[in-house]
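Please read the structure below before turning to the comments.
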Amino acid sequence: MNYNIAVIKGDGIGPDIVDQALLVLDQVGEKFGHTFNYTEVLAGGAAIDAVGHSLPDETVTVCKASDAVILGAVGGPKWDSLTSGDRPEKALLGLRAALGLFANIRPAIMYNELRDACPLKDRIIGEDGIDIVVVRELTGGIYFGDRGHGFGDMGEYMYDTMKYSEKEVERIAIRAFEIARKRNKKVTSVDKANVLDNSKLWRKVVEKVALDYPDIELNHLYVDNAAMQLVINPKQFDVIVTGNMFGDILSDEASMITGSIGMLPSASLGESGIGMYEPIHGSAPDIAGQDKANPIATVLSIAMMLRYSFNLEAEADAVENAVAKVLEAGNRTGDIMSDGCTLVGTKKMGALLLEHL
Ligand SMILES: NC(=O)c1ccc[n+]([C@@H]2O[C@H](COP(=O)([O-])OP(=O)(O)OC[C@H]3O[C@@H](n4cnc5c(N)ncnc54)[C@H](O)[C@@H]3O)[C@@H](O)[C@H]2O)c1
Ligand SMILES: CC(C)[C@H](C(=O)O)[C@@H](O)C(=O)O
Ligand SMILES: [Mg+2]
């Protein structure tokens, strides 16, 4: 089969990690007889530098015409205070909205080999480790609400508003229940219904959707408690469903308890059609271009693409197995390094993954 993929390397470590992930994908193609065609397009800081704005029309057009999108990461201090008001991160939000990618699936799985990289105590992780999926709403909430600014009694003010509509909550809740059905049949919905009205609606709609899933256990947590529960008792979670901002924060937290943010992939999906695949981490300007970044989150995002967008189960398994084998053999980038292991750079990690594929 032939697959057309839009590739956005982005900024900072983006090119470092995407280059390795594409080598892995090429090898999957050779091994299983598929052709992956890449069209590289610009977004984020790289696009601001090249054409003056973070999300060129051409990028949206190419992404829409592709079978899937792979994105590294965008952003960096260089573009943090542009007078135009544009920012690299706006490209990411613009793409999510333009492609209708309302469901962000972020699996946080602890590899047994990385137990030492997990900051939690052994008794909390238990023998079988941690396996959580965060299902984050991605095109609504405070990220996309009305915003504004002005001057009042307290001086200048700025505001962002958080709004959720019934249908928006319903479709993300359905995704979460469907995912839970294929896993351990538990959904935890996270909100702030003790304070926010939009969270009250969120809770009401999630409960209504739950009526169609009597086989799935549902509970609710306030987001502050959820943040705490993730570190004191992460094993209570199977699928966490939550809004855009809470999901952003909780998924970074979930990534760290499994070892490193450099390990966590994500899939952003819509009703149907194309998906966008990216690591959950950012452009890590502190280690960009130094051959230090962990490419595994991006490589695992490619496994998600093979599974969700192309229905290539065996191919996705092969990529995930290669990751497990490389870790088993004791190879570690700096973010997951522990005593007795071999420290490797981004490129070497990529080469080892190819060897084990
Ligand atoms: N999806 C995205 O494109 C995305 C996501 C988050 C942040 N950002 C942007 O990235 C920039 C930096 O943000 P930040 O510093 O808050 O978060 P970050 O995720 O880039 O980095 C946080 C820390 O994690 C480390 N880290 C991240 N990815 C790593 C990897 N693959 N291997 C090893 N270490 C890794 C970094 O070195 C840093 O110490 C900002 O401009 C931010 O807006 C982009
Ligand atoms: C860069 C930023 C816009 C983005 C978000 O907040 O969604 C990032 O943190 C993420 O998690 O993908
Ligand atoms: Mg984030």
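The backbone N, Cα and C atoms fix where each Cβ goes, and this holds for glycine too.
When ARG106, ARG147 are compared with the substrate site residues ARG96, ARG136, ASP224 in TrEMBL, the one appearing in that site is ARG106. Within the model, the domain 'Isopropylmalate dehydrogenase-like' (4-353) shows a mean pLDDT value of 96, rounded to a whole number. With every protein chain in view, the residue among the recorded positions ARG96, ARG136, LYS192, LYS292 whose Cβ has the most Cβ partners within 10 Å turns out to be ARG136. Among the binding-site residues ARG136, ASP224, ASP248, LYS292, the ones whose Cβ sits under 6 Å from an atom of ligand 3 are, in sequence order, ASP248. ARG136 (substrate binding site) is 22 Å away from ALA284 (NAD(+) binding site) when you measure Cα to Cα. Checked against ligand 1, the binding-site residues SER84, ASP224, ALA284 give ALA284 in sequence order as having a Cβ less than 6 Å away from one of its atoms.
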